[in-house]
């Protein structure tokens, strides 16, 4: 580039053919580089053709997870140990024991026999002192006016 002559304007460079020579030189260089870099594609491209029958679908296998000791359990073997069947009397005894441990009483009947004193009793009003249901109230506004019935 140092030995090349630089034209004063692009018009002089075009007239002398300098632009054409430079373009041809750059074009040759890029063509040589593209030839060198051309190599077979590294990944083969598979084009599917619908006319050919597809292969069989892939096999799907369901694997069983091994148990804690490393042995795969069969479909008929129970994963949990069988619980012994308890009689009604045994279940009621366990229930009473748990209830006594948690609530402090062994049977629910003890609780129902005691009157509940925690709740206040309802005081019934005599029928005469109650207000009749047919009373129509007129609401008053904050300033003592007739409220909603006031006309403007």
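Cβ coordinates come from backbone N, Cα and C, glycine included.
What Swiss-Prot lists as compositional bias 'Polar residues' is 66-79.
Per Swiss-Prot, the feature compositional bias 'Basic and acidic residues' maps to 113-130.
Sequence annotations record features per position, and here Swiss-Prot assigns domain 'SUZ' to 42-107.
Feature annotation from Swiss-Prot assigns domain 'SUZ-C' to 111-152; the stated evidence is sequence analysis.
Residues annotated as N-acetylmethionine in Swiss-Prot, with similarity to another entry given as evidence: 1.
For the recorded site, residue 37 (phosphoserine), the DSSP three-state label reads helix. Contacts of residue 37 (phosphoserine) defined by a Cβ separation under 8 A and a same-chain sequence distance of 6+ are given as none. Residues or ranges marked as phosphoserine in Swiss-Prot: 37 (among others).
According to Swiss-Prot, the feature phosphoserine maps to 39 (among others), an assignment based on similarity to another entry.
Summarising the annotation, Swiss-Prot assigns phosphoserine to 51 (among others) and lists similarity to another entry as the type of evidence.
DSSP assigns residue 105 (phosphoserine) to coil in the three-state reduction, placing it in neither a helix nor a strand. If you look up Swiss-Prot, you'll see 105 (among others) marked as phosphoserine, on the strength of similarity to another entry.
Sequence annotations record features per position, and here Swiss-Prot assigns phosphoserine to 107 (among others) based on similarity to another entry.
The region 'Disordered' annotation in Swiss-Prot covers 30-86 (among others).
The region 'Disordered' feature in Swiss-Prot is assigned to 99-152 (among others).
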Across the domain 'SUZ-C' (111-152), average pLDDT on the 0 to 100 scale: 64
